[in-house]
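Asks: Relevant sequence annotations retrieved from TrEMBL are reproduced here:
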DOMAIN    B:4-295  domain 'Heme-copper oxidase subunit III family profile'
TRANSMEM  B:15-35  transmembrane segment
TRANSMEM  B:47-68  transmembrane segment
TRANSMEM  B:89-109  transmembrane segment
TRANSMEM  B:159-179  transmembrane segment
TRANSMEM  B:191-208  transmembrane segment
TRANSMEM  B:228-256  transmembrane segment
TRANSMEM  B:276-294  transmembrane segment
Amino acid sequence: MSYAATHDQHDDHHGAPKGFFQRWCMSTNHKDIGTLYLVFALVMFFIGGSFAMLIRAELFKPGLQLMQPYFFNQLTTMHALVMIFGAIMPAFVGLGNWMIPLMVGAPDMALPRMNNLSFWILPFAFTLLLSTLFMAGGGPAGGWTMYPPLSLQSDSLAYVVFAVHLMGISSIMGAINIIATILNMRAPGMELLKMPVFVWSWLITAFLLIAVMPVLAGAVTMLLTDKYFGTNFFNPGGGGDPVLYQHIFWFFGHPEVYIMILPAFGIISEIVPTFARKPIFGYKAMVFAIASIAFLSFIVWAHHMFAVGLPLGAEIFFMYATMLIAVPTGVKVFNWVATMWGSSMTFETPMLFAVGFIILFTIGGFSGLMLALVPADFQYHDTYFVVAHFHYVLVTGALFAIIAATYYWLPKWTGNMYSEFWAKMHFWNSVIWVNVLFFPQHFLGLAGMPRRIPDYNVAFANFNMISSIGGFLFGATQLIFIGVLIHCAFFSKKKATDRVWEGAKGLEWTVPSPAPHHTFDVPPVIHDDELAHGHVND
Amino acid sequence: MGQQHDAYFVPAKSYWPIVAAVVMFTTVFGAAHWLNAEPGDAGFGKTVLTVGVIGVLGMFFGWFRSVINESLSGSYNHQVDTSFRMGMMWFIFSEVMFFGAFFGALFYIRMFSVPWLGGTGHGTLTHQFLWSDYAASWGANAGNGPEHIGGAFSTVPAWGLPLLNTLILLSSSVTVTIAHHALRAGHRGKILVFLGLTVLLGALFLNFQAHEYIEAYKELNLTLHSGVYGSTFFLLTGFHGLHVTLGTIMLAVIWFRVLKGHFNKDHHFGFEAVAWYWHFVDVVWLGLFMFVYIL
């Protein structure tokens, strides 16, 4: 077989392979692997969501209602681990897998087999993690941050640490692949500063992943050796320090929260110009703002630890460095609004979620600024105010962006239009109930209700009940999402056009809908006015 | 970059990724069971771990064999080569960050946690109330913390075996570079000699490190349990040793591939990747020699 003459080695050049195992387990196709990632993330979203429903059920009324505190602690820990590592991150990787090659005019990812391995590690890693719930002694209960000495008390630690190692390997390989794809596989003429903002956001996110996932691996390895091999990293009696773990963990953890939001910024920067029918305002500023946020993310980690007793100089440094992040983030929010300013907008579902993102994520950003103030944080630390803050940036931030992206690109993936009515039902119910769910938690936190407790003072009863009702209805609303997805993929009669959206620009809209199994076998010719950001103003 | 592709290359379907996922899972599942096993009941976890490790080795062998065969058949073009190079570079960067976590722990412990436990600066209350007789210093008999966990110990002197090992690794970096130049000049005999020397120097390094560990345990009472001094010493040098082991194995594989004539002067990414890795291991050692042994 002569390889030089063919563009690739697929036996079946024009379509997907027939066998199920062949197609899904041995895949080297970025679209199939992207689909696997997205379906996996959706399953994990519902598993993590069911944990959240149990948590809100327990907190519906004061007093222990449904479960023992130890199980409650397992739920909060598992909810976070599953949502962060199982839902949000794989969903972004899935979107990157599907869209980056289409957006830069590449036939596939740079390292397709490693791509498949990156995905297939995940189901096994989560089997390992979730299996601890069914073991004697239960799952991890020390919080997703796994602070010692609490985390060292559970026998599940070994399983959790190895699961984190596997997820780390998966993330690093996925990130290497994305960097190599973006730097090495672009079609001729797709210069770096012509790339869509989504591609830029993933390039920078991938760098963050490679830089910090190994640090997390190191931190949990020290936990493992402290528990099972008699080392003393986190034992003051042996000269160690539990605060050391927090430093290493948050050196990973803070870039990690930007790993979960930068691709969301990229998505919003694709959607807003499409439905505003205007190029994005300040393309270069958007790119440089993402890069600035990524840089700053490395020098703010200790703002998670203001209350552990850091030296005063450290508290002041980390306070100011943290507040500095508001500058590039403000640039982004300003530019999204400026893109919409004076434009001819329509509000299809992706745009609704994008606008919802801009408003609600900004609320999460503002509460973040409050938390960044050291004296204020002494009051807010470990209260429901923190819970409200990070759910605003992760649910109405990261998750809303993922849902927006799903509606935006779904017609391109399936070839069918989704039901706009039900999608709008999904949006309006989500946006109402998510606020009923999380907004009262600000008040609870300011009033002093601590996080991670199954029982609370009766003074907090009303807001908790409101929050729980919002939670149940937000959870139920997501079933509409499933309905819309299944209907669109398998039953919808309404075919999508190639361009799908009137104002859509960029290479991904030049291929047919649904996108054929192989695209851009030959590099496309780039016309600058076909690109969303082709004419960059200097 | 990204410009010269007359034809794209997308590799054929492969079962190796899913095999890799399965054997990795088997390995860590067995390891976790073993770690949690009751004393005398380690059989199941150990068996699963062994199966997993054998599986991982087999997977590496099989996957690399298929990649080497594809490479030899000439199906990899310039673009694939560039992707491989980027992959290896970023992999090494991730390894740098992994060691960074342990170096960071070492610096934090030496600069902050141990002095604070001794009553200086920030952590004076812990010192006053818990361990007011602890005279903090790094090294023998104090680096194991206020409770002197692991008992009295002495440290490994920097100017003995560690110095020798430094010279060995530095020379091995020189020999692998000579081999690389020989490869580019097309002198196969010279490559085999100098690459072989590199493998031998790697093995010699590991041999001396094993001696050092035995001496630490038997003569110096410096063990993994010697407080945080022992923790940082053995985890830093141990992870480095593991990487040297891996590097030596990779160099040996490359030696056999040179013997079989797999490389020519324009097409030898496998050689270069391993050489980069070897230099990385070398640089990490210099950091260790400086901060673990000398200072």
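Cβ from N, Cα, C; glycine included.
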Asks: Restricting to the same chain and to residues at least six past its boundaries, which positions have a Cβ under 8 Å from a Cβ of the transmembrane segment (B:47-68)?
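Replies: Sequence-distant neighbours of the transmembrane segment (B:47-68): 14, 16, 19-20, 22-31, 33-34, 253, 257, 262, 270.
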Asks: Look at every Cβ pair spanning the transmembrane segment (B:228-256) and the transmembrane segment (B:89-109), keep those 6 or more apart in sequence, and say whether at least 3 of them are under 8 Å.
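Replies: Checked: the transmembrane segment (B:228-256) vs the transmembrane segment (B:89-109), in contact.
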Asks: Looking only at the recorded stretches B:15-35, B:159-179, B:191-208, B:276-294, which one has the largest tally of CB-CB distances under 8 Å to the transmembrane segment (B:89-109)?
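Replies: Out of the listed stretches, B:276-294 contacts the transmembrane segment (B:89-109) most.
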Asks: Looking only at the recorded stretches B:15-35, B:159-179, B:191-208, which one has the largest tally of CB-CB distances under 8 Å to the transmembrane segment (B:276-294)?
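Replies: Looking at each of B:15-35, B:159-179, B:191-208 in turn, the most contacts to the transmembrane segment (B:276-294) are made by B:159-179.
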Asks: In the same chain, which residue numbers or ranges, 6 or more beyond the ends of the transmembrane segment (B:15-35), come under 8 angstroms Cβ to Cβ?
Replies: 42, 44-53, 55-56, 58-59, 62-63, 66
Asks: Restricting to the same chain and to residues at least six past its boundaries, which positions have a Cβ under 8 Å from a Cβ of the transmembrane segment (B:159-179)?
Replies: 190-191, 194-195, 197-198, 201-202, 204-205, 208-209, 211-212, 215, 244, 251, 271, 275, 278-279, 281-282, 285-286, 289, 293
